[in-house]
Amino acid sequence: MASQLTDAFARKFYYLRLSITDVCNFRCTYCLPDGYKPSGVTNKGFLTVDEIRRVTRAFASLGTEKVRLTGGEPSLRRDFTDIIAAVRENDAIRQIAVTTNGYRLERDVANWRDAGLTGINVSVDSLDARQFHAITGQDKFNQVMAGIDAAFEAGFEKVKVNTVLMRDVNHHQLDTFLNWIQHRPIQLRFIELMETGEGSELFRKHHISGQVLRDELLRRGWIHQLRQRSDGPAQVFCHPDYAGEIGLIMPYEKDFCATCNRLRVSSIGKLHLCLFGEGGVNLRDLLEDDTQQQALEARISAALREKKQTHFLHQNNTGITQNLSYIGG
């Protein structure tokens, strides 16, 4: 289906990132170093399964092909499997993925796959168990590794792993990561540390450009692959000697926003046109009944006309994003 979601800069949007909670049980240094603190949840709480069904149906009608369930930690929701199944009901949604810290993967991933999940991203910022504990505040490294193995055993052909690139923390561990993916079909995605409202000091201390890794990968014979229209923002590299791939997400690179293809809805039903944008468009009042779908689609389409050409991270403007758990990164 051709996307009806096209902005003023001719960008087409096939990809919805849907946050279903902002609660997380990890305390990652770059996201929630002091742990989760409730904020911004209305009296209605987080989106219900029925509301999720309605909002994804509207986006699918407008051309969305891929939905990623994010958080917080999505698997903290007891109805998470039901949420996957609700999104899966719509045949227009070809891909349903989750971004998770992985602590419930080993237990639940087979059920998620049976419900309709097609893709998994797991956050792993270090392959050293002690450093993993220091970064996340949780001694769960072995549990997360077992969860990744369980995903393969459940039938997932590829698992994506997200690694936030941090100077003097993990930027010098490329060889360790490459050894890990040599015989595993893992797409390891290094994500540049992004400045958020609460993370300015950490950013100044640990930010390093992904260009450093890209230059090294090219020097070693890795090959840049072409993007598909519903792919995320990663530049993906492959190598004939490796079963795995490397992805680089570099939001500070020139023209990063030119290929933007994704919109975000928060766990309380606000449409966000950019991770680092201002405000948000309330959709929740149009999620109460199936008869509101036409009005919901109209509001989404109208909001898209206001999407800016680029973020303003280079001007140190992080918008409303105080931390990355707020609207799902």
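Using N, Cα and C of the backbone, Cβ positions are placed for all residues, glycine too.
A quick note: this is a predicted structure, and the numbers were derived from the prediction, not measured.
Lifted from Swiss-Prot, the feature list:
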| type | residues | note |
| --- | --- | --- |
| BINDING | R17, R68, T99, K160, R262, L263, R264 | GTP binding site |
| BINDING | C24, C28, C31 | [4Fe-4S] cluster 1 binding site |
| BINDING | Y30, G72, S123, M194 | S-adenosyl-L-methionine binding site |
| BINDING | C257, C260, C274 | [4Fe-4S] cluster 2 binding site |
| DOMAIN | 8-234 | domain 'Radical SAM core' |
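Positions of the features from Swiss-Prot, shown on the structure.
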residue : record                               : Cβ neighbours (10 Å)
R17     : GTP binding site                     : 22
Y30     : S-adenosyl-L-methionine binding site : 21
G72     : S-adenosyl-L-methionine binding site : 28
S123    : S-adenosyl-L-methionine binding site : 21
K160    : GTP binding site                     : 19
M194    : S-adenosyl-L-methionine binding site : 21
C257    : [4Fe-4S] cluster 2 binding site      : 18
C260    : [4Fe-4S] cluster 2 binding site      : 22
R262    : GTP binding site                     : 20
R264    : GTP binding site                     : 22
Hey, does DSSP put C257 ([4Fe-4S] cluster 2 binding site) in a helix, a strand, or just coil?
helix
Average the per-residue pLDDT over the domain 'Radical SAM core' (8-234) and send me the rounded value.
94
For L263 (GTP binding site), the one of C24, C31, S123, C274 that lies nearest, given that the binding-site residues are compared by Cα:
C274
Rounded distance in angstrom between the Cα atoms of R17 (GTP binding site) and G72 (S-adenosyl-L-methionine binding site):
12
DSSP three-state call for G72 (S-adenosyl-L-methionine binding site): helix, strand or coil?
coil
Starting from the Cβ of R68 (GTP binding site), draw a 10 Å sphere and report how many other Cβ atoms land inside it.
22
Using only C-alpha positions, which one of Y30, C31, S123, M194 is spatially nearest R68 (GTP binding site)? These are the binding-site residues in the record.
S123
